[in-house]
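Okay, so here's the structure we're looking at.
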Amino acid sequence: MASYNFFLLIALIALVATQAMASDPSPLQDFCVADKHSPVLVNGFPCKDTKDVNVDDFFLAANLDKPMDTTKSKAGSNVTLINVMKLAGLNTLGISMARIDYAPKGQNPPHTHPRATEILTVLEGSLYVGFVTSNQANGENKLFTKTLNKGDVFVFPQGLIHFQFNPSYDKPAVAIAALSSQNPGAITIANAVFGSHPPISDDVLAKAFQVDKKAVDWLQAQFWENNHN
């Protein structure tokens, strides 16, 4: 019986630990406004002294009601992210958001959020969206896709490669996304693979993608820009 209870306790601890690590640290007080000038290094930001906190720590005039410029991005999109770096009151709250503007035929290219699940709703236009699973036991990576119209909602699981594409030739699209981290991070796949500094060896990439090194060299010579603001 003692052995059974011991293993039950271990299983319970493992379950609690897994849940605790599944998202940003849970707050232990009403709020923990980020003190970005503190010399203390922690996972996230230390708290500003509560006597110094004011209402503007929870407010940002973000102009998310206004169209954003998509002409400067080769991808034809503009991601306006509101995270803890812009809104200090988000610290420890485990949430952030973004407005995404898409030019006609524009896209938010394949990317991942290493620290967040994303839920997205279309405000204007339509979007072709999807995500790809991690490597499966049968060796496949399954693709899930859907065409979204105004008012539709879609969720992208944490860490999985996903994308959004505006299929219209003449109409822009707009979406709002919520993410389950104060600082979700973003890894744009093409940028990371072909635009890293210093560059990944073309021998490595040629072998990985099964292409000639000249194709890799050409891709690495392109200007890989960030569509996030």
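Just so you know, glycine gets a Cβ as well, placed from its N, Cα and C.
Look at TrEMBL and you will find 1-22 tagged as signal peptide.
Taken from TrEMBL, the feature disulfide bond covers Cys32-Cys47.
If you look up TrEMBL, you'll see 62-217 marked as domain 'Cupin type-1'.
What TrEMBL lists as oxalate binding site is Asn108, His113, Glu118. Here the Cβ of His113 (oxalate binding site) has 23 other Cβ atoms within 10 Å, regardless of which shown protein chain they belong to.
The Mn(2+) binding site feature in TrEMBL is assigned to His111, His113, Glu118, His162. Counting only same-chain residues six or more apart in sequence, the Cβ atoms lying under 8 angstroms from the Cβ of Glu118 (oxalate binding site) belong to Val155, Phe156, His162, Ala177, Ala178, Leu179, Ser180, Pro184.
Residue pair Cys32 (disulfide bond) / His111 (Mn(2+) binding site) shows a Cα separation of 30 Å. Within the same chain, the residues at least 6 positions away from His111 (Mn(2+) binding site) whose Cβ sits under 8 Å from its Cβ are Ile161, His162, Phe163, Ala186, Ile187, Thr188, Ile189, listed in sequence order.
Here the Cα atom of Cys47 (disulfide bond) is found 25 Å from that of His113 (oxalate binding site).
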